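Right, one structure below, let's go through it.
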C-alpha cells in the first residue's frame with residue numbers, strides 16, 4: 001500500500017501548493033524513491049479542456065492525451081515520472097463516474113449519496129493513480145473552507161483513519177502575512193486555517209508557512225503550540241529568487257526527513273543528491289549571456305495561459321547560461337500596426353490559441369519575422385499562422401486562411417482534421433458537430449523528420465515524439481504548391497498523412513521553424529528541450545551579429 005502525502009492549502013489560494021509538493025517530491029526522488037503526484041480539483045468541469053485560459057491558465061497535456069490542470073506541468077518539471085489522466089481528477093469526473101455506475105445499476109438500487117459513494121470514488125481514483133509507487137503526493141485544489149472541497153477532504157480523512165499515520169500524512173500550506181504597519185508576521189490566519197481543518201477531522205502533520213520573509217523560530221514555536229504540530233514540522237517557506245531552488249530550501253529544513261521518519265522508509269532511501277538542482281540555480285543566478293524574446297499571443301494578460309511556454313524558454317536559456325527576458329505582446333494589438341513593438345527583439349515565439357481574435361496579428365508577426373530575418377518559433381496556432389502568411393505573401397494564394405476563421409476562404413491551407421490515427425493505432429474521427437471537450441488530436445504522437453532540415457539538426461534524430469492538442473491541421477491539398485514555393489515540410493506523422501513541422505530554408509532565413517505539436521510540455525529545467533535550446537541559441541546569434549563563440553555554447 002503506497003504511503004500518501006495529502007497537500008492542502010489554507011487562508012488564500014495561489015500560495016504555491018503545487019510547487020511545494022513538487023519540490024518535496026523531487027527530494028524524495030533524489031533519495032532513490034519511486035514517486036508520483038496527483039491533483040484533485042474541486043471544480044465541476046470534467047477537465048480543463050473547455051475552460052477559458054483567462055480563468056484557468058493553460059491546459060497541460062499528458063502523454064496519453066489528458067487535458068489537465070497546469071499544476072501537472074509543475075509536477076513533471078520537478079520529477080522524472082511521466083503522468084497520465086489518472087493523475088488529474090476533478091469533481092466533474094468523479095460525479096460523471098458515479099452517475100455512470102448508477103445508470104448501469106452497479107449500486108444495486110441504493111440511494112446514491114456523497115458519503116459513501118462520492119468519497120469511495122475519490123478513494124478509488126487515488127488508489128488507481130498511486131499503486132506501485134514508494135510515495136505519492138496528492139494535492140487538493142482550492143482552500144480549506146471552500147464548500148467544493150469538502151468531499152475530497154472527507155475522503156482523505158477516511159484514508160488516514162483506515163491506514164494510520166505510517167501510510168498517510170497531512171501537509172498543510174498556509175499564509176503567514178507580514179503586516180508592514182506593525183512590522184511583524186501574523187500567525188492568527190494560520191491558527192484559524194488549522195482550526196478549520198481540525199473541525200472536519202484532519203490534524204496536519206506538517207505546516208508549510210508561506211511568507212514574504214523567513215518565519216523566525218519564535219513564531220514557529222507559537223504556531224506549533226497553537227496548532228498541535230511539532231515545532232520541527234513547522235517549515236518556513238519564504239519568497240525566494242529562484243523557484244527551482246525550493247527543493248534545496250526544503251531539504252535544508254529537513255522536510256524529507258519528516259516524511260521518511262513518519263513512513264518508516266529509512267532502509268529504502270539514500271543520501272539526497274540535489275546537484276542537478278544546484279546547477280539549475282547557479283545557471284539562473286550567474287548567466288553569461290542575455291536575450292529578449294517576444295511572445296505574441298492571445299491570452300498574454302493572464303501569463304499562466306502560457307506557463308509551460310515561459311518555463312521552456314527559460315529552460316532553453318539555462319542550458320547555455322543565458323537569461324531569457326520575455327516581452328509579452330497581444331496579437332490583436334499588432335493588427336494593422338507598423339510592428340514597431342518587435343524592433344530590437346532577438347527572437348519571436350508565437351504560441352497556441354483558438355479562434356479568429358488576434359489571428360491576423362499572428363500572421364503579421366510571422367511575416368515580420370520572415371522578412372526581417374528574426375528567429376521565429378511557431379507552436380500550434382503559431383505554425384498555422386506561419387503557413388497562412390507564406391501562402392498569402394509568397395505562394396500568391398490570395399485570401400488563404402484557416403477554416404477555423406473563414407470557412408469561405410478560396411484557399412483553406414489549414415483545415416479541420418476529420419480522421420487520424422492515435423499513438424495506439426486506433427482511428428479517431430471528428431466532424432464540425434463534435435463536442436468541443438476531449439475531441440481534439442491529443443497526446444504523444446511520433447513524427448519523422450526530413451534529413452538535412454533544421455528540425456533534424458536540432459533534434460539530432462530521425463523520429464521524435466511530441467504532445468499535441470489541436471483540431472485543425474495543414475491542408476494536404478496544398479503541400480505540393482507550398483513546397484514548390486519554397487516552404488520546407490520538415491516533419492510528418494509516421495503514416496505521412498499529417499504535416500507536423502514546417503521551416504524556411506537556411507539560405508533564406510537563419511532560424512524559422514514552426515511545429516503543430518506543443519514541445520513546451522516536455523521541457524524541464526534539468527534537461528531543457530532541443531527546440532527551445534536551438535531557438536534561444538539562434539536568438540543569441542542574432543544578438544551577436546551572427547557570430548557566436550563556440551565556447552559560449554551550452
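Keep in mind that glycine also has a Cβ here, set from the backbone N, Cα and C atoms.
Because the structure is a prediction, the values reported are computed rather than measured.
According to Swiss-Prot, the protein has these features:
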ACT_SITE  380  active site, nucleophile
ACT_SITE  518  active site
ACT_SITE  520  active site
BINDING   13, 186, 187, 188, 189, 190, 191, 222  UTP binding site
BINDING   13, 146, 147, 148, 186, 187, 188, 189, 190, 191, 222  CTP binding site
BINDING   71, 139  Mg(2+) binding site
BINDING   353, 381, 382, 383, 384, 404, 471  L-glutamine binding site
DOMAIN    292-545  domain 'Glutamine amidotransferase type-1'
REGION    1-265  region 'Amidoligase domain'
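Here the features listed in Swiss-Prot are painted onto the structure.
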{"residue": "139", "record": "Mg(2+) binding site", "contacts (Cβ under 8 Å, 6+ apart)": "7, 17, 18, 21, 37, 38, 39, 40, 71"}
{"residue": "147", "record": "CTP binding site", "contacts (Cβ under 8 Å, 6+ apart)": "none"}
{"residue": "187", "record": "UTP binding site", "contacts (Cβ under 8 Å, 6+ apart)": "176, 219, 222, 223, 226"}
{"residue": "188", "record": "UTP binding site", "contacts (Cβ under 8 Å, 6+ apart)": "none"}
{"residue": "191", "record": "UTP binding site", "contacts (Cβ under 8 Å, 6+ apart)": "223, 226, 227"}
{"residue": "383", "record": "L-glutamine binding site", "contacts (Cβ under 8 Å, 6+ apart)": "474, 501, 502, 514, 515, 516"}
{"residue": "384", "record": "L-glutamine binding site", "contacts (Cβ under 8 Å, 6+ apart)": "378, 402, 414, 472, 474, 516"}
{"residue": "404", "record": "L-glutamine binding site", "contacts (Cβ under 8 Å, 6+ apart)": "354, 355, 356, 414, 416, 471, 472"}
{"residue": "518", "record": "active site", "contacts (Cβ under 8 Å, 6+ apart)": "61, 308, 352, 379, 380, 466, 467, 468, 469"}
Original post:
Rounded to an integer, what is the Cα-Cα distance in Å between residue 189 (UTP binding site) and residue 520 (active site)?
Top reply: 37
Subject >> Number of other Cβ atoms within 10 Å of the Cβ of residue 353 (L-glutamine binding site) across all protein chains >> reply: 22
Original post:
If you measure residue 382 (L-glutamine binding site) to residue 190 (UTP binding site) at Cα, how many Å is it?
Top reply: 45
**OP:** Write out the long-range same-chain contacts of residue 381 (L-glutamine binding site), meaning residues 6 or more apart in sequence whose Cβ is under 8 Å from its Cβ.
**Re:** 350, 351, 352, 353, 354, 359, 362
Subject >> Close in space, distant in sequence - residue 190 (UTP binding site), Cβ under 8 Å, 6 or more apart >> reply: 10, 11, 174, 175, 176, 207, 209, 223, 227
Original post:
Out of 189, 382, which of the binding-site residues has the smallest number of neighbouring Cβ atoms within 10 Å?
Top reply: 189
Original post:
In the same chain, outside 353, 381, 382, 383, 384, 404, 471, whose C-beta lies within 8 angstroms of the Cβ mean position for the L-glutamine site?
Top reply: 352, 354, 359, 380, 385, 402, 414, 470, 472
Subject >> Surrounding CB atoms that lie within 10 Å of the CB of residue 186 (UTP binding site), all protein chains >> reply: 15
**OP:** Pop the Cα-Cα gap between residue 186 (UTP binding site) and residue 520 (active site) into the table, whole Å please.
**Re:** 39
Original post:
Can you check what DSSP calls residue 13 (UTP binding site), collapsed to helix, strand or coil?
Top reply: coil
**OP:** Measure between the Cα atoms of every pair in 13, 146, 147, 148, 186, 187, 188, 189, 190, 191, 222, the residues the record assigns to CTP, and report the largest value in Å, rounded to a whole number.
**Re:** 31
**OP:** Write out the long-range same-chain contacts of residue 13 (UTP binding site), meaning residues 6 or more apart in sequence whose Cβ is under 8 Å from its Cβ.
**Re:** 142, 143
